[in-house]
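According to TrEMBL, the features are:
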BINDING   G239, E275, P276, G277, R278, Y375  pyridoxal 5'-phosphate binding site
BINDING   R278, R314, Y318, E347, Y375  substrate binding site
DOMAIN    29-373  domain 'Orn/DAP/Arg decarboxylase 2 C-terminal'
DOMAIN    35-281  domain 'Orn/DAP/Arg decarboxylase 2 N-terminal'
MOD_RES   K60  N6-(pyridoxal phosphate)lysine
Amino acid sequence: MDHFLYKNGALHAEDVAISEIAASVGTPFYVYSTATFQRHFKVFEEALAGMDHLICYAMKANSNMAVLKTLAAMGAGMDVVSMGEYLRAKAAGVSGDKIVFSGVGKTREEMRVALTGGIRQFNVESEPEMRLLNEVALDLGVVAPITVRVNPDVDAKTHAKIATGKSENKFGIPIAKARAVYAEAAAMEGIEVVGIDVHIGSQLTDLEPYRLAYQKVAELTAELRADGHNIRRLDLGGGLGIPYARSNEAPPLPMDYGQVIRETLGDLECEIEIEPGRLIAGNSGILVTSVIYNKEGEGRDFLIVDAAMNDLIRPAMYEAHHDIIPVIEPALGVEPAPVDIVGPVCESGDTFAKQRDMPAVQDGEMIAFRSAGAYGAVMASEYNSRPLIPEVMVKDDQFAVIRARPTIDEMINRDTLPEWL
Ligand SMILES: *Cc1c(COP(=O)(O)O)cnc(C)c1O
């Protein structure tokens, strides 16, 4: 459920008309709903109720400061994958002991910054990373808390570009090697083992891969404890999918996901961490764009809109589906007709939807891409010298720009010329 609904025939974000925001900031733009972010966070809190837990929002899904502050105010921790994200989390007021550091390529500088500023744990993904972390920690005279991210060789049954838990993926340490790696960790003075980490992929629409992976984590917990390691924390990753096509998708509910955690890991007396990104942010945002032209092609009609693949890359990159709706509610009985919805960028990949049934939308009218709150604005670029589009946050009947559109002059002036020009 989200808070983007028609009221009196016009699409609203909570109590604000989309047309009012458009009149203020111009299209295209992203708009987020505070209440939806809060609701999704609460749903996870309820799913894990009764278990010692921390929800670390995977901020790569949407790292706008207003989003981070909204979630931090509810007690969220953060899952970060870069120094930039770490410093953003800190700037949003999240304390280091609620930040976990993930990622396959952490650098010396990133380790130093996080160890100095405070960190809950590093989720270590390789032996060389662990050795470097040990060295950096010893240099600073501190001890780095770690989990080792294990790769359970489980098929997450999701898009190949976002599956991370098979042995051919670059992520984590093969679970069969885990005991040897933990033994090496235990011998390092700058490293303290606190638990185990696993993350098998994104946009999972089935709980079985989770169950298989978490059963393997339970077995490993027993083995590592028998080896003398103090395993007290289990980081279970993120990845729970959302319904991008509302008419025919019903991914598992967080409550049922919580039940899988309870059943597989509930009696191990470990603190549970989860790292949801998409489920918290995805349906909390939409992208609003104007139709520039209705173009009639040979046997195919096009809606050319003012948003493009540089603003929302998911359709081009993951063949992703986004539900697309007109901002003015279509009258009852209007027959939809198939159109291709495309952006202005000079690439055939700049196609948001092919042969999508849409009610007629006139030039100058607006449409909205649903489920655009995660992996939307954060993946945008300025390709074709198109400015990053603004982000707007709504709360009840108020809205605020939370990242402004840069002017073209600002973009041009970011480049610097060499002396010889
Ligand atoms: C991307 C990622 C997540 C979040 O995945 P979602 O599908 O957005 O929930 C969590 N943990 C790690 C390590 C990730 O790389």
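Cβ coordinates are placed from backbone N, Cα and C, and glycine is handled just like the others.
The model shown is predicted, which means the values in this text are computed figures rather than measured ones.
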Entries of G239, E275, G277, R278, Y318, Y375 (binding-site residues) sitting next to ligand 1, with Cβ under 6 Å as the cut-off:
G239, E275, G277, R278
Cβ contacts within 10 Å for Y318 (substrate binding site), all chains included, total 16
Cβ-Cβ distance under 8 Å to P276 (pyridoxal 5'-phosphate binding site), same chain, at least six residues away:
H40, F44, I55, Y57, A58, G238, G239, L240, P254
I need the neighbours of the pyridoxal 5'-phosphate site defined by G239, E275, P276, G277, R278, Y375. Which other residues of that chain put their C-beta within 8 angstroms of the C-beta centroid, in sequence order?
A58, A61, S202, G238, L240, L279, I280, A281, A374
Comparing the Cα of Y318 (substrate binding site) with the Cα atoms of the binding-site residues E275, G277, R278, the shortest distance belongs to R278
A correct count of other C-beta atoms within 10 Å of the C-beta of Y375 (pyridoxal 5'-phosphate binding site) gives 24
Radius 10 Å, atoms counted are CB only; among the binding-site residues E275, E347, which position scores highest?
E275
